[in-house]
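Down below is the structure, laid out as structure tokens.
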Amino acid sequence: MNNLKENIIVFGLSIVTYGGVATAPFMYDDFPAIKKNADVQGVTPIYQIWSNDFWGFPIIANTSHKSYRPLTVLTFRVICFAFGDWSTAYHVTNILLHATVTLLFTSVCRRVIFKHVTDHASLVAGILFSLHPIHTEAVSGVVGMAELLSSFFFMSALWLCSSEPKPNPVNNKDAMTLNKNKNNGLPVQENGGLKFRGKRDRGNKQTAHDPEVVAVCICKYDHKKYNLLCWRTLAKLILAGCAMLSKESGLTVLGVLAVNEVVLFVESLYCKLHKSNVKGTLINLTVFTSWCIFLFCLRMWVMDWTKPVFAEPDNSASYAKHKLTRFLTYSWLCCVNLWLLISPVVLCYDWSYATIPLVTSLWDIRNFATLLFYVVFCGGMLWLFWKKRRKPRIFRPLAFGISLLVLPFLPASNLFFPVGFVVAERVLYLPSSGFIVLLSLAWSKGRETKPKLRKMFDIFVSIILIFYFLRTVTRNRVWTSREAFMSAGVETFPENAKVHYNWANYLYEHNRTLEAAAEYEKTIELYPNFVSAMNNLATILEENPKTTDKAHEMYVRIIRIHPQGSNAYNNLAALLVKQEKFDDAFRVVMRGIGLLGSDEIPAVIPVARALVKHDKITKAERLYHVSLGKQCVTEEGLKNCEGVNTTLLNDFAMMLQTKGEITRAIQVLKRSLKLQPLDAETLVLLANCFASVDKFREAQETIFRSVEIDPSKSHRMWALASSLFNRGKLLESVRIYERVLELLPDNLEAAGQYAAVLFEFGKPEKAKEILEDLTSRDTECKFDQAWRNFAGLCGKERKFEKGIDLLKTCAHRIENAAIVTSEDKTRCAIVRLLLAKHEKLQAYRYKESGEKTEAKRMWIDAMHNLEKAIALDPSLEAAKQELVAMRNK
């Protein structure tokens, strides 16, 4: 089978196997890494990617996870720029990356690792890599792009080894002559390549003329060309840097490159056809080592030479008090990771929260498995490595297999520094390549040394491939929906508190509140100090009036367990405000501010507003003093007021306005505008303050500026106009209403208010024009106030018939609307009350003109409308009183 066919097979298998997850939504870590990451969404400048961590936070911050992957984040940003938050774009990129890495891995196996093996070991390795189920998390999860990008650069660097050193074939004549002269053996031509039936040296030691060695030595190396190919070494160094900037484990490619140098050097010693290049090997090893040290120091410098800090449940072994416990647990975790490569049956997106209990005793049965692992696997590999060191066809793939299995896993092994997980399937993406190399080597050598059992070896590998394919496809289905993903975690690890918590969050988001509460309770049962689960459960409990006391107790418990958490303070304060326990809410917020600062306690705003609303001005003022600081609450300190919450500052100004300190409130609002010059809400508040001290020109200019910044504030503009109208400032009110209707010509409510102002301003004709237009466009009488104003205007002109027609039309339109709410019924009742009054006045007019029949009819109609008004709104006392008065007459 030629190389092109092999490449098509492995690339196609990768696409087919993972094609089902192309349309999957974002999952789990994808949300903080993509949708909530300002660096990805393009909110922050692009250069900030190089100083932030993978999640978009400053990497030097104490709370940072220290995961520095700028190339991955940059890739996310490019995809987000092109496709937005379309998850399919990210998944397709992952699938193509996996297929490309598989292609590179197959090529590396063919040209570097198994280049002395004539069997199809590279094809088998490529197929195994494309199908291995341990890759599902890295490929199906968008955040797994870090592994895929790093692996792409990793394998690209190894692929460059395929041309170093450049082989120059020795012709068959020279090879035969060499063999006859030195070994007196007979040359044999097999399968298009030279093999020799040579004799063995004394002591039964293998020489350069044995078949295993001759397979390598039929090519001699041109060391002159080797030394001149510096650009390849430079390319490897650049690719190693890119691999590290994609994922931390990418740095280990330099170790594998160093292994390649050692393998080349050892093979040159075996051949003995020329002088070995010791100098070149030492130079390359020195370059790789120096570059590795430089990249590591650069990485540590970026994170300010600090270690990441993780929560204890995420990696409980690193928090173990005894070194023996840590050693035994870490050793056992190596076995668990290897077993996942051998038998990827049990797979889950999270392995934290005591999913794997600590190994605390030497007598733990798992220590036997650990010992067996190190003795059988590690010891066996080392023994085999040493025994076969003189057989290049085994030595080369064995060296690469072990290095690819071990080196990329070291950063995640907890041996050098703690990591934020116990087991993570995606970090096994690269180490799986080493396991697959060893498995393919075993298959190839088994078929070669046991020709009679070739079919059995082929059947065995075929069974593995079928199992891998079926398990990967089955596992991929879990990644196609959030519900399947979350529920699968609970089914796999029912003892894991975190998967129950995540499942509960999903249920709560989809309004399955009772199920969510049960899952939160299960989470707390498994891990009693799970603060987030307790907080969410308390939020559910406070929705039911019967369980608010339990919610209160749970918030208090959270504060005792974790006094540095802000959510409990905020939620408890909000609950107390809802229960109208304002003094208790005040104490909770004050304690939270004392421990965490006002920035962490946003509940300050609703609590302070509630205190002001219920005339607890003294406590509200104290709360503002504590939250804002002395520099923001005194006239002298306002000039130095910086870095505060402008919403809180605005509320403080409103409290001052309530106290009658308008001048001081204006000063505070002006300072707030210095902090946020384009805040429309602050401008609206300032305009109201100006109006309250009769600074109408400043009020108009300020309110107009606020609407220019945010047109949605236009309703606040006509609220100011209405306030001015009520205070008798008709001219100022008219000017603002005119500006409102310029911005919002279709706003019928504002038009109705403007008409009322015009009538009072002495322009009844223009008012009637506006109202005529309004009533013709208001097909459902949503703005009944305008209709009532129009009818009132007609009544003042003693045109009661027109007013009656208007009110009848309005009532009819409200009652015949598609949806009639209780609020609509109340509006209709008020319209009918006014209609009855107009009909009563018209009845008097008929009586005065001697039309007694018409007067009686109109009187009866008025009473019927009053009865309808009472039926629509039984609480309308004015209608009841009017009806009694009319009946008495």
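In case you wondered, yes, glycine gets a Cβ from its N, Cα and C as well.
Keep in mind it's a predicted model, so treat the numbers as computed, not measured.
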(message) Need the matching range: TrEMBL marks transmembrane segment on one of 139-156, 427-444, and I'd like to know which.
(response) 427-444
(message) I'm a bit unsure how to read this: which one of 7-28, 251-270, 327-347, 398-421, 456-473 has the highest number of Cβ pairs shorter than 8 Å with the transmembrane segment (367-386)?
(response) 327-347
(message) Which residues of the chain, 6 or more past the ends of the transmembrane segment (456-473), have a CB below 8 A from one of its CBs?
(response) 17-18, 20, 124, 127-128, 131-133, 135-136, 344-345, 439, 443, 446-447, 450
(request) Could you please provide the mean pLDDT value for the domain 'DUF1736' (306-377)? (result) 86
(request) Give residue numbers and ranges for long-range contacts of the transmembrane segment (7-28): same chain, 6 or more residues beyond its ends, CB-CB under 8 A. (result) 34-35, 85, 87-88, 90-92, 94-96, 98-100, 102-103, 106-107, 123, 126-127, 129-131, 139-142, 349, 469, 472-473, 476-477, 479-482, 485, 502
(message) DSSP on the domain 'DUF1736' (306-377): how many residues come out helix, how many strand, how many coil?
(response) 39 helix, 0 strand, 33 coil
(request) Grab the same-chain neighbours of the transmembrane segment (282-302) for me: Cβ-Cβ under 8 Å, and only residues 6 or more beyond its ends, written as numbers and ranges. (result) 51, 59, 68, 233, 237, 240-241, 244, 248, 251, 254-255, 257-258, 261-262
